[in-house]
Structure formats: C-alpha cells, structure tokens
Amino acid sequence: MGIGTKILSKIEKNKTSDGLTIPLTPTTQKQSSSWCSFESIKTFFRTVIRDWIFLALLGFIMASLSFGMDYAILNLQNGQMRLFDLVKEYHFTLAYLVWVGYVVGLILLSAVCAHYIAPQAIGSGIPEMKTILRGVILKEYLSVRTLLSKMIGLTLSLGSGLPMGKEGPFVHVASVVASQLTRLVHGSSGGIFENESRSGEMLAAGCAVGVACTFSAPIGGVLFSIEVTSVYFAVRNYWRGFFAATCSATLFRILRMFSVSAAVTVEAHYQTNFPPQNVFLPQELPIFALIGLVCGLAGSIFVYLHRRTVLFLRRNWLAKMIFQKYWLIYPIFIATFISSLSFPLGLGKFMGGEERFSHTMKEFFVDCAWTAPPNDSYACPMPTSNATSSDSFDIRHWKGDNYDYSPFVTLSSFQVVYFFLAILASTLPVPSGIFMPVFVLGAAFGRLVGEGVFSLDPYGHISGDIQFFVRPGVYAVVGAAAFCGAVTHTVSVAVIVFELTGQLCHLLPVMIAVLIANAVASYLQPSIYDSIIRIKNLPYLPDIPHTTSLYHQMLIEQFMISPLVYIAKDSTVGDIKRALETKTRIRAFPLVENMESLALVGSVSRSQLQRYVDSQIGTKARFAEATRRIKQRLEDEESERKRREESKSDDTEDSLETTGAGERRASRFLIVPVAKNGPQVAKNETLTGLSEENARKILTVEEKQALFDAASLATPKREMSGKTINPVHIESHHTIGDIFRSITHLSFGRQNFPKKNNHNEFDLFGEERTEWEDMMLNQKLDLSQLDIDSTPFQLSEYTSLFKAHSLFSLLGLNRAYVTKKGQLIGVVALKELRLAIEYLQSGKVPTPGMSIFNEPPTEQSIYEKSARLESGRATGDAQNAAFVTDNGEDDAQNDYIQPPLEVVRRGALTPNRMSELTRLENVRTTPESPHFEVSSPSTSSSCVSIDFSPLDAANSENGSVGGLVLNVPSLPTRARSANELTRQNTHVQINLPDDVHDEKF
C-alpha cells in the first residue's frame, strides 16, 4: 500500500458525521490519544469502584461494626456480673433483684428501640433476606432507620445474656450496609433495587459478610449464606462473596488481636487444642452417627415447638387481649422468667453458675474430662489465683465450689432448660438470632455424650490401646455442628466449625453427624428459616421433598387459575380501566390477539396500563382538553369580533369615562359598598374601566395563569352584605358577554390544587365532562404507547408440578402463563405453586383432570378455614385465593408481639397520582398575581371565575398577569340563568369578605 493510500485511509477515518474532515495534525492525534486514555482510566476506575473497592469497603465496615458491638456487649455483661458480685454477699433478695432487673431493663430498652424506631429490626433477618433475594421487596427493610434500630437493639438484647444469637441479625445488618453503599455509589435515586440482577449480587455478598464477620469464618460464611438464602446460586458471584468475606474476617481478627479481652467476646474464635493424631477411634464412628440421629430428631422438635409457640401467642384469646393493648408485658414477663431460672444462687447453679450462656461454648470444647478424678492426668486443672476468665476454665461452674454436683446433672439441666428458654427468647420482639443458641445446645449435648463415653471407657479399652483417651471435647464439637445443621438444614455449618476451632482433625466425625442430622430433620420439618417464612406469611416458594412421586404426577392444569382477566388488542380504554379497578392486586395482565382466538402475544404490567389510562382520561388529559376547548372558543370569538368590527367600522357608540388621570373605557362591572340593611347599589361609584381588548387578553393567557370554576350556579338565600360589583349598561357588552356566555356554556371551573402544585388549570364539569369521558373510554387500545413484554414465560398444561417448581426457582419467575397451542387458558403464580405443594403435603391425593380448587372440602382440608376461598374460586383471581394452613398464615396480621412485615408489590409502584382537589373556602392573595378569590359560603355550591386585569398589567416586568378573580355565586337555574343575567345586563351582586377594602382593588 502506497503512502498516498494510507493518507486517504486516515482521512476517511477522521471524517465527522457532517462530512467534514479533521486535519491530521500532531496536536489532534495527541488530544485523541489523551482522550482515549482518560476514558479508559475512567472506565477502569468505575469498574474498580463498583466491584473491588465496594466489596472491600463492605467487609471493613462490617468487621468494625461487629468488633464494636462485641466490645459493647462484653462491657454490658461484665457490668451485670460486677453489680451482682457487689450485692450477692449481703442479701439474697437484693442479689435477685439486681440480676433480674438488669436483664429486664436491657430487654425492655431493646424492645422499645425496635418498636418505635423500626419494627423491621425485630427477629433474625435471614428469612427475610431469603425472600428479598427471591425478588420480594419488603418495605423499609433495608433502610438506615432499620440499621440503626438493629444495631442498638441487638447490642442491648445480647448484653442481657439471654440465649440469643448474633449471626442472623448481622446478615441483615450487612445487607442494609450493602444497600446503602450501593445508593452512595450509584446515586440516591437508584439504590439496591434499581437493577434486580445487581441487587442480588450485592445482597448475596452482604449475607456472606454478615456470617464471616460474626464467626471470623470467611469460607464457611460464604457457603452458609448460599445455603440459607439461595435455591440456585450463580457461580459468577462466588468471588464477590469470598472477597468481601475475606476482607471482613481479616480485619475482624486483627482487631481481636489488639484487643485485651478479645478471647471472651460474645462470638469468639473458639480455638481447640486436640492432638493431630488419635482424636477418635473407628469404633467411635457409630456413636457420632447416633449423635447425628438424635440431633436430627431434637432439631425437628425444636422447629415444631417454636412454630407452635408463636401460633399459640397469636391465637390465644387471653394473649390477644393483653398484648394488643399492653405489648410491653410480654418482653417483661419473658425476661423475668428466663433471668429467674438462670439466677446463679437459685436454679442457675445447676446450669453453669455465673457463666454466661454465650461464654459456655469455649468450656464445652475444652480438651479435658469433667468427670475425671481431680488427680487424674486428663482431669481439668483448677484455675490459678492470677488467672483471668479469658485464659482459664473453672470446673466449679459445673461441679460446684466443693464438687457437690455431677456434670451429668448440670449438663442435663442446662440442655433441658435452655432448650425451651431459647424458644421463648426467639419470640421476643427484639433483634435476635437463632444460630448461636442451637450451636451451644448441640455442644452441651455432645459434651454430655462424651462425658458418658469417658466414664464408661476413659482410656479406650475397646481399641486395646491404653495410650488413647476418649476426648469429650470432640463430642461437643460434633454435637454443636449436628444440632445446628439439623435446625438450619445446612451442611456448611461443618465448615464453620472447622474455622471456629481451627482444626480439621475431627473432620470425619463432624461430617457424618451433620449429614445424618440434616437428612433426618429435612424429612420431618422445614428449616427454622423456612418455618419463620411460613409463620410470617412471606411470599416464598417452599422446597419439594423428594420422597414421593405425587409431585411428578400433579399437572399445572390441576392448580392453574382459569378463567383469568386479560387485555385484547381490540380492547377499549374502558375495558382496561374496569380491569384495573376490579383486579387491584394483579401485577401484570396477559395481552391476547383478540377475544375469540385468545392467542397470547405478550403481557403488560399494571403500572404501564395505569399510566396509559391516566394519559387518556386522567386529570392532566382532561385539563389539556379543557384548555384546547377554551382556546378554540376564544379564537372563534376573536374572529367573530373582527368580522363585526369590519361590518360596523363606522359605529362609534362606545363611550369613555374620564377619570383624574385620563380617559378609560367604561367597565361593565362596578364595585360599590352595600348597606347592612339591604343591597342598594350606587351606580356612580365605579372601580375602573376595562377595555374590550384587555378583557380578551386576560382570557387568552396560558392556562397556568387562568383558573375557572364550575358553572353549576346556585345563589345562597341570605341577606347580602359587604361590597358588590355592579355591571354597567354599555353597548360593548355583547363582546365580553359573548365570552362570558362561552365560558359558562363550557362549564369550566376553579379547583384548588395541593400546595406543591401552584399552577392553575382549566377543567371540564357536568355533562361535558361525562360526554368527553364516555368518548375517551370507547377509544381502542393504542399499543404503541405501551411497553409490552412480547416473550412472557409460557408453560404447557401438562407440565408437572416438580418441573414447574424447578423452572420458577431456577429462573426466578413470579408467574407463567399456561397455553394450549398458543391459546391462553390460565396462569400460574408463586402462590398457586405454594398451595399445590401444601395440598400434597397435607396428605391429599389430587383427582386426575380436576382442579384442586374445585374439590369438595373435607374435615382435613387445608382450605376449609379460608374465608377468601370462595372469592378466589368465583373470580379466578390468583391473588384472592388465600388458604389457611397449619403454619398460621391466617393469623400473620394478628401478631401484636412481632408486627408483620409489609410486602411492596412492584406492580403497585405507579407514579404519584394527583390528589383529590379541594374547594376554596377563604380569600387568598399572592404577590406574583394579586387577586381576590370570593367564594360562596355554601360548601356544596360551585362558582364561575373570571380574571380581569388593569390596563397596565401586560407591561409588568415579569410578564405575569395580575388582576381580580371573582367567583360568582351560583344560581338555582345553573348556566342558563347566568347567560340570561349577562344578556339582560342584570345587576350581579357578589358578597365580599369584610376585610376586603377598595384600595386592594
């Protein structure tokens, strides 16, 4: 290629869109190069901000919050112990009051904080985050207000020492922080829900960080958050969770390292010191499997009792009557009850003594035998005099000061009592988690089994190796992982245990026990998080058990909603309006080709249809039509006036009235005072004259500067007082009179807008408004003004329930339309899938080819108790068919202890509508356009408004038109009488308020 060809090629590349060429100078090339470099740097920096720096900042913030909360909790708990130590030697009753009062006070403060700042902070947070990641929006659940309430309330509740956890609430806290950071990065208008895909990625990372900064376990935190919040997880988001969790765990461990008392924080790193070899024998594996089996059964019982307790508090008539009016009684009573049972000088001495519930984990993991004799080599050593509670284990907490109690008694008492106390504590209206209590209970059970095995065979005689010791601490680790896995239905809890203990020598026993416990519990009960979702009636799709083939046999045609409401291409605006008004809870409407074929062509969201209807017959559309009509009428009047002027050019009958300043055209209206005893008008008192041209100008200003009232005229029957406005007999009256008659004939009225809308608009009233609305409602649908989803998800009527459940879970669907050869025959939403699953779980067998909604109810029917079942059957509305199950969804709105969360439907997020207009009842003046609004005292009467302006109003600096706005009281004969008054030059008397004086005109 020659040099000339290269130059021409470069010139062609640098041509602009206008056909011009840019000379190839060195300066231009340098600027282009620098510009490209700047854009590249900007793009790279934006990418770094949105991913790496964002995730690192999220991890660092959560680590700091976690460490700060642990420090505050430790000081609160130590404060209680110091107060108790001061008084326990003097008086038993005083010690009891101090112990109980301290706990009750903190719980009461936490409950008040959560109740009045943000009720969304109550509870764990993992169930709610599970629904949010599914696509549900919970009102104000990720707000700063909720974050503040959660942090304060959780610190107070954990500082009380009750059996509560921190892991679940911190998942919620991390999600809120992720949401707020997203708002800062992407702007306050967007937030976490601006992009649903983006929100899922960041919230998933936030959940992982919440677990990681609680246990300092980044790997287990990521895996656990995925298990409890996701059904299907996108692998591309894996690195986000690990990176943010690693940043959080790293900073958290560094902060603990520099903390003096870090070893005894509430959620500490429980380092164990088991030897790498000979931790367990193969002969012990059946015992570990048995621990998993028992923990699976106990975990199912725990979930069941928790659900029954919550439902009992909702349904019991006495609880309803008390807690509805005095909700503080419940937290006070439960806090008093739990703290009384744990009182160290009472029953508490058989459950660990003065050791706090959250601090017992390290004692359960200690590598010594509690039941060994004091002089045994494997016995737990006594603490030294200069040892602190952070680096020693005091066996006297579990055996008494004089070794009076057996560890079997104290461990058994601890498990039984705290098993029920943990359930009661989880029902309190305060921020609290459930992970840590079940973790401690599992460790206590494992320790009990380990001590029992040690008592029977302390030196491993079953193996023939006298050098081997049975280590109860290993059993405690296995029990903690197994029971926690059974309650939460997770396997990743084993990884958390490995990171908590810092050892992998007990990997095999832990995995065996966790898998068995998880399998047993999954067969008997849902996880604690799914149970809470059902209790709170949050919209979420339950899992399908793989133990029966009924889920493969039930077809969509047996639980779809049919017939359903749809929109056709030939539908009218009225059809759409009726559909929106009658089906207020449907979020999207299917669009079909026509009423006959019902061929599905797409779907339209409710918000789109609502905006379309508003644009056709809404307030703004009506105002625009009124403005068009008044302008058209005034233009016609102008043309008519010019025609008459041309035909009567020699007519000079118009007279001018001379004032002190000069001559002006006479006005048809006079403002004169009216005597108290009667409406006598003095015709020699005039305000000022308005020319015909100025009156026309005032009436043709933009609609935002003119305001008209309805012409439904009715004069109040009362004696007139104050001042009046009087018409004068002039020959030019026909022009202004014609305009007046035109306005009254059009029935334009004055309305009062909300304060945020200070503009004036024309409006239609009466028959004209009705005729216009009827005309608009009969118009055909204009598809060009709608954003149509042309590819809605469709399923065949023969799709199985199992396959539909998999598709909904994998793709994150909210609804799917059921078609037969392209013809729309029904719709299936998340609610129908959930009801079908619960139908099969209740033990019923569906009749082939028959809808489960049309089957006759039986005694065991889960639909029998629903008051809205018949409504759902009759209308076919998927949202109106709500059924009652044993989960207590019918009582979700009656929970006075833990207020229900409000679900925000995306279809309800429509633009703000104009509020209902109110009528003016008093006089107002504005400096921009000085005028007076005179209205009838009767609230039911309407007025006609005319704006008159002085001659020099058009010359004002800001171009605005000032003047006098007069609201003429209506007459019984309505607009026809107003026209008669104008044509006959009848004296019109308008009542003015007493504070209006002549100088204001």
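Cβ atoms are placed via backbone N, Cα and C, with glycine included.
Source: prediction; values computed, not measured.
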Have a look at SER742, SER784, SER796 and find the one that Swiss-Prot tags as phosphoserine. SER742
According to Swiss-Prot, ILE434, PHE435, TYR529 bind chloride, and the residue from SER124, SER143, SER149, SER809 that belongs to that same site is SER124
With respect to Swiss-Prot, which of the residues SER747, SER956, SER960 bears the note phosphoserine? SER747
Have the transmembrane segment (507-524) and the transmembrane segment (142-160) got at least three CB pairs under 8 Å, pairs 6 or more apart in sequence? no
Would you mind listing the long-range same-chain contacts of the intramembrane segment (218-226), meaning Cβ under 8 Å and 6+ residues beyond its ends? 171, 204, 207-212, 233, 238, 241-242, 245-246, 248-249, 490, 492-493, 495-499
Counting Cβ pairs closer than 8 Å to the transmembrane segment (285-313), the top stretch among 49-85, 91-117, 238-258, 405-425 is 405-425
Please give the sequence-distant neighbours of the transmembrane segment (49-85): residues at least 6 beyond its ends with Cβ less than 8 Å from one of its Cβ atoms. 95, 98-99, 102-103, 106, 151, 154-156, 158-161, 166, 170, 173-174, 177-178, 181-182, 185, 202, 205-206, 209-210, 212-214, 240, 243-252, 255-256, 259, 261, 264-267, 344, 354, 356, 358
Counting only residues at least 6 beyond its ends, the same-chain positions whose CB falls under 8 A of a CB in the intramembrane segment (490-501) are 211, 215-221, 223-224, 226-228, 269-272, 365, 477, 480-481, 484, 507, 510-511, 514-515, 518, 527
So what's the mean pLDDT when you look at the topological domain 'Cytoplasmic' (1-48)? 51
Look at every Cβ pair spanning the transmembrane segment (322-341) and the transmembrane segment (91-117), keep those 6 or more apart in sequence, and say whether at least 3 of them are under 8 Å. yes
Tertiary contacts of the transmembrane segment (91-117), defined by C-beta under 8 angstroms and 6+ residue spacing from its ends, are 76, 79-80, 83-84, 145, 148-150, 152-154, 156-157, 159-162, 327-328, 331-332, 334-336, 338-340, 343-346, 428-431
Do any residues of this chain, six or more beyond the ends of the intramembrane segment (473-487), have a C-beta under 8 angstroms from a C-beta of it, and if so which? 272, 274, 279-280, 287-288, 291-292, 295-296, 298-300, 302-303, 361, 364-368, 434-435, 438-447, 449-450, 453, 493-494, 496-497, 501, 506, 509-510, 513-514, 516-518, 520-521, 527-528
Sort out the residues at least 6 away from either end of the intramembrane segment (202-214), same chain, that have Cβ-Cβ distances under 8 Å to it, and list them. 54-55, 58-59, 62-63, 65-66, 126, 129, 132-133, 166-167, 170-179, 182, 192, 220-222, 224-226, 228-230, 233, 237, 240-242, 244-246, 248-249, 252, 267, 496
